[in-house]
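Undergrad: Let me begin by handing over the structure; questions about it come next.
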């Protein structure tokens with residue numbers, strides 16, 4: 001059957017239908033958008049006006065206030081966008097209200113594989129999912145969440161469990177939303193995602209936000225020839241900027257799952273907003289932990305009791321310590337007390353959850369709960385600490401605080417000869433954990449954010465492409481949620497959720513790209529990506545380098561952590577110089593990738609490789625230079641185009657360790673709309689057997705253009 005299909009007229013290639021994984025109250029201010037960007041675009045209501053952002057995701061809840069049509073927005077004024085609205089269950093014709101301008105769903109692949117359940121998954125563009133968990137390199141998300149980050153309405157109150165967490169806004173509140181539902185509670189299938197991308201391009205979206213990707217590097221000769229990567233190449237050719245989550249596999253090296261140079265791959269950062277909860281013990285000691293919960297009632301202290309000391313006799317200690325089952329407890333002994341639970345391996349393997357602890361404590365009448373770390377696990381990133389809770393709670397997520405609490409408890413608990421607790425004298429109170437604090441610190445690369453270097457195949461061979469491209473806020477992001485969500489029962493019924501992941505960073509960049517596109521409507525995807533990269537921040541406000549979370553410490557971030565750096569929205573609107581790339585150049589790149597057969601390229605993209613192709617992958621005119629194996633010398637050419645007024649630039653080089661870099665010319669004048677050729681020569685002077693990093697900085701009177709350099713020296717020059 002496969003051979004017949006491959007030889008059928010009109011069939012370019014045949015691919016296996018593989019499984020696909022799904023992959024804000026403060027971030028506009030953190031990025032400086034209200035003060036420095038929205039005013040340039042006619043104010044908040046007009047920011048993003050005329051731009052359509054397409055979302056390949058789990059659908060949308062059209063009834064959410066983040067997507068309601070405001071009186072000033074009206075309907076989209078565009079002759080380019082030709083999308084339609086599919087009606088169906090929970091999605092009437094009125095759902096496309098002017099803010100939402102297109103909505104369709106794709107499920108043929110899921111149906112063919114027997115995973116689609118019409119009752120659970122809803123046969124319409126309605127968002128009935130809501131995955132907000134982040135597991136290994138899987139991207140889990142919710143379309144309502146991502147769409148509201150990018151283009152949600154301005155000044156929407158975030159109220160959860162009766163508490164007001166502030167006002168939310170999308171990056172581009174005036175932009176319009178087109179939804180292409182191809183992901184469900186079980187994930188999705190490649191054929192449905194590809195069909196959704198194809199439809200979005202045909203409809204005429206300006207930007208495509210893709211918080212989804214493969215769970216691993218695709219098999220075959222090259223990841224760049226994977227069916228999704230190729231579909232996104234054709235989207236780029238059509239003028240659509242594709243923004244994709246880099247993945248949640250960090251801090252492991254080469255964990256990115258967004259591979260191709262025509263895609264803008266987004267890393268995730270931690271912002272300066274923190275939610276801390278404090279417990280004050282009866283002896284005056286206090287410890288800080290996590291937990292978005294209310295305080296204990298009044299200014300009084302409550303007795304503390306360990307779960308193991310207030311359980312029924314036939315309960316196993318491991319089960320009791322995790323506090324998952326209300327039947328394990330003796331009700332009179334737990335009533336109005338703070339119960340100590342332990343974060344065990346069951347939580348790591350998701351057999352237990354903090355949300356279930358909260359349910360248990362509320363059912364048995366406890367005053368609240370304290371979760372301590374199991375010494376056998378050691379320091380861990382505790383899962384589920386960003387859940388909003390209706391009962392006072394704190395997670396002591398370090399061993400020192402956990403040990404101190406147990407020491408105080410044991411010293412104040414009276415036991416009989418058998419070791420059973422007979423009197424509880426230890427006391428404490430939990431303070432309000434829902435009040436945010438703002439430290440003013442620079443962004444930090446989140447530990448889960450996938451890292452480079454980029455790879456070209458499942459053999460994990462690296463390639464001359466910098467990934468990720470740029471970094472945006474992705475940790476603890478408040479945004480819209482679908483109350484009917486079936487994907488996560490612990491957020492079910494809520495209209496907002498606080499989630500982390502590169503899936504949350506991606507719509508930040510999609511919304512920012514909409515602002516740039518509005519300001520520069522003739523710019524293509526390459527120009528917008530170039531503008532975001534060359535103006536990104538590598539340092540914080542103090543001038544200190546941006547840091548990255550490693551396994552157990554903070555280290556200085558590199559381009560493999562954050563790409564070109566943390567997005568600087570104001571500067572990206574006026575980059576000075578840009579690096580242009582065309583479809584022809586991407587084809588040349590594919591033809592130059594080692595291991596790719598030229599016939600495969602022609603079959604995949606419909607264009608033959610040049611007969612005399614001297615092009616190297618590092619010659620692709622990107623706003624970065626990556627050389628995955630420098631032996632001796634390598635000449636690299638870059639072309640810059642001036643998108644501002646006439647200006648003189650001087651070239652400054654920070655050389656990667658073990659490499660000598662020269663650039664010709666060392667300074668140049670460039671007229672408005674003019675172009676200049678830059679010749680960079682990289683010479684290996686010391687074999688490092690590791691990637692080292694530097695940058696080329698083009699300094700003008702009004703603009704500074706930064707180009708990251710990443711070089712692996714395999715062999716030094718003999719001279």
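Yeah, the Cβs are placed from backbone N, Cα and C, and that goes for glycine too.
Unlike curated records, TrEMBL annotations are generated automatically.
So TrEMBL lists the following for this protein:
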type     : residues : note
ACT_SITE : 57       : active site, charge relay system
ACT_SITE : 131      : active site, charge relay system
ACT_SITE : 503      : active site, charge relay system
DOMAIN   : 48-542   : domain 'Peptidase S8/S53'
DOMAIN   : 619-711  : domain 'Subtilisin-like protease fibronectin type-III'
Undergrad: Suppose you look only at the domain 'Subtilisin-like protease fibronectin type-III' (619-711); what would the mean pLDDT be?
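TA: Looking only at the domain 'Subtilisin-like protease fibronectin type-III' (619-711), pLDDT averages out to 96.
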Undergrad: Reported as an integer number of Å, what is the Cα distance between residue 57 (active site, charge relay system) and residue 503 (active site, charge relay system)?
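TA: Residue 57 (active site, charge relay system) and residue 503 (active site, charge relay system) have their Cα atoms 10 Å apart.
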Undergrad: Which is it, of 57, 503: the one of these active-site residues whose Cβ has the most other Cβ atoms within 10 Å?
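TA: The most densely surrounded of these active-site residues is 503.
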Undergrad: Work out, from DSSP, the number of helix, strand and coil residues along the domain 'Subtilisin-like protease fibronectin type-III' (619-711).
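TA: Breakdown, helix to coil: 1 helix, 62 strand, 30 coil.
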